[in-house]
Amino acid sequence: MLSNMSRCERIEVPSPDPLKREALAIEKKKMLRLLSEVAMVGNTKSTEQGLISTVLPLLKLLSLAIFGLILGHKKTQIVPKETFKLLSKLVFALFLPCLIFIHLGQSITLDNFMHWWFIPVNVLLSTLVGFVLGVLVVIICRPPQEFTRFTIIMTAFGNTGNLHLAIVGSICHSIDQPFGPDCKRNGVAYVSFAQWVAVILVYTLVYHMMEPPMEYYEVVDEREKVEEECGQQEDNGVSRPLLVEAEWPGIEDKETENSKTALVARIFNSVSNLSLANGPDVENDIHDTADDPEPIRCLAAPKVVKKMRTVAEQTPVQHILQPPTIASLFAILIGMVPHLKAFTFGYDAPLSFITDSLEILAGAMVPSVMLILGGMLAEGPNESKLGLRTMIGISVARLFVLPLLGIGVITLANKMNILVEGDHMYTFVLLLQYTTPSAILLGAIASLRGYAVSEASALIFWQHLLALISLSLYIVVYFKMFSFS
């Protein structure tokens, strides 16, 4: 037995053939190479799918806009301009308020109200950054002197309403969106919560900045008189561009005797007696004491106060309380009171049949807005005296430079722990405020003030076409940022 064990111990395992070892090594390398290629193909496919899922929502919106363009084009005239204007009134007075009330009312609470404070602040920040960019565009591009303020305004004030809601709605309609099951409700709530700040800015600061320049007032005034005489025989409102009423229906009813005058310039310009004959007698009571030199110092402060009061009286603050703003106020009020919220929202709420009806109406908002945008683009750009260099400067600054600065602002805010942690939709809406083209509402204000109407129409037309590229680019960038966070 011992001899058998010693014999077994002496048995040696034969070493494999060197050729076989080399063949095994080659096979192993082939397998590793194959696996790496498969991984690369998988990464490429995932990247392509990511790009497709990012661009696809914009393609849906583009399709809706093309439908509107075909329906409203001059060669087809399937749907007349007056129908688009009626549709815009429905959006403004019914569909948009329903959408805001339903989603903002369900999302907001007292705790959320305290956490969402940076949303309206970011609107002010984006406007401020855009204002600085507008000044740089004026310095670099040197537009005609009468369009200096117009250049700054069109660079500073972007679309914060309907286009944001359309983008959010289209993205949340996708299956592979990265914002979770409450994507649309939260997104619409965030956008709606920012709208009231933009509305206040438009009806106060923008309204006065868009008044006709003082030195060109007589020219503008004479042109308006000629246009009014030529348009007396035309149907009321039919000849007005769709751009004017795309986001502010019924603007023709908002005009006052001072809407198309350089009111602020005349009031605060000490040598404005030349043009006082053309406008309202707003300074007679201010100059009554001008012959008496002694009380000038005592009356200096009251004069400034009186001028500011005159400007405030001519500011259309009553237009701030429009149906979308009222819907936001009601949604915030009901949403922050738990008993009212339980009574209004939810499957078992006593008023659920009303909120369900409002939600059905709200579903028509996004397609209607894009159809109106297509009808607006179907009219084509108007002639512009702004100059090609200035138009390119405004568009590049607004659509490509401002979003880069916005990424820096939001990144800094995130490092300061200002943003809502882990809420990508919150961050996306903040970034979107820097990304959209100039507000369509600026075209309505330009028409109301009689200042740069054709220039606003042309610039908004080309910006919205160029936004197809810029929005696609930056939404891809934003989604990549979310994937790494």
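Here the Cβ of each residue, glycine as well, is placed from N, Cα and C on the backbone.
The feature transmembrane segment is assigned by TrEMBL to 50-72 (among others).
Distant neighbours of the transmembrane segment (84-104): 68, 72, 161-162, 165, 184-185, 188-189, 192-193, 195, 237, 242, 245-250, 322-324, 326-328, 330-332, 335, 355, 358-359, 361-362, 364-365, 368-369, 371-372, 375-376; these residues of the same chain sit at least 6 beyond its ends, with a Cβ under 8 Å from one of its Cβ atoms. Residues or ranges marked as transmembrane segment in TrEMBL: 84-104 (among others).
For 116-141 (among others), the entry in TrEMBL reads transmembrane segment.
For 188-210 (among others), the entry in TrEMBL reads transmembrane segment. Tertiary neighbourhood of the transmembrane segment (188-210): same-chain residues 99-100, 103-104, 106-108, 116, 119-120, 122-124, 127, 149-150, 152-153, 157, 160-161, 164-165, 168-169, 263-264, 311, 315-317, 319-320, 322, 324-325, 328-329, 331, 425-426, 429, 433, 439, 441-442, 445-446, 448-449, 451-452, selected by CB-CB distance under 8 Å and a gap of 6+ residues from either end.
Taken from TrEMBL, the feature transmembrane segment applies to 326-346 (among others).
With a threshold of 8 Å between CB atoms, the same-chain residues lying at least 6 positions outside the transmembrane segment (358-378) that come near it are 61, 64-74, 79, 81, 84, 87-88, 90-91, 94-96, 98-99, 101-103, 162-163, 165-166, 169-170, 241-243, 246, 440, 461, 464-465. Taken from TrEMBL, the feature transmembrane segment applies to 358-378 (among others).
According to TrEMBL, the feature transmembrane segment maps to 390-413 (among others).
With a cut-off of 8 Å between Cβ atoms, the residues of this chain six or more beyond the transmembrane segment (425-448) that come close are 116, 118-119, 122-123, 126, 129, 150, 153-155, 157-164, 167-168, 179-180, 183, 186-187, 190-191, 194, 198, 202, 206-207, 210, 240-241, 243-248, 251, 254-255, 259-260, 373, 376, 394-395, 398-399, 402-403, 405-407, 409-410, 413-414, 419, 455-457, 459-460, 463-464, 466-467, 470-471, 474-475, 478, 482. According to TrEMBL, the feature transmembrane segment maps to 425-448 (among others).
The transmembrane segment feature in TrEMBL is assigned to 460-479 (among others).
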**Message:** Need a quick answer: max count of Cβ pairs under 8 Å to the transmembrane segment (50-72), which of 116-141, 326-346, 390-413, 460-479 is it?
**Reply:** 460-479
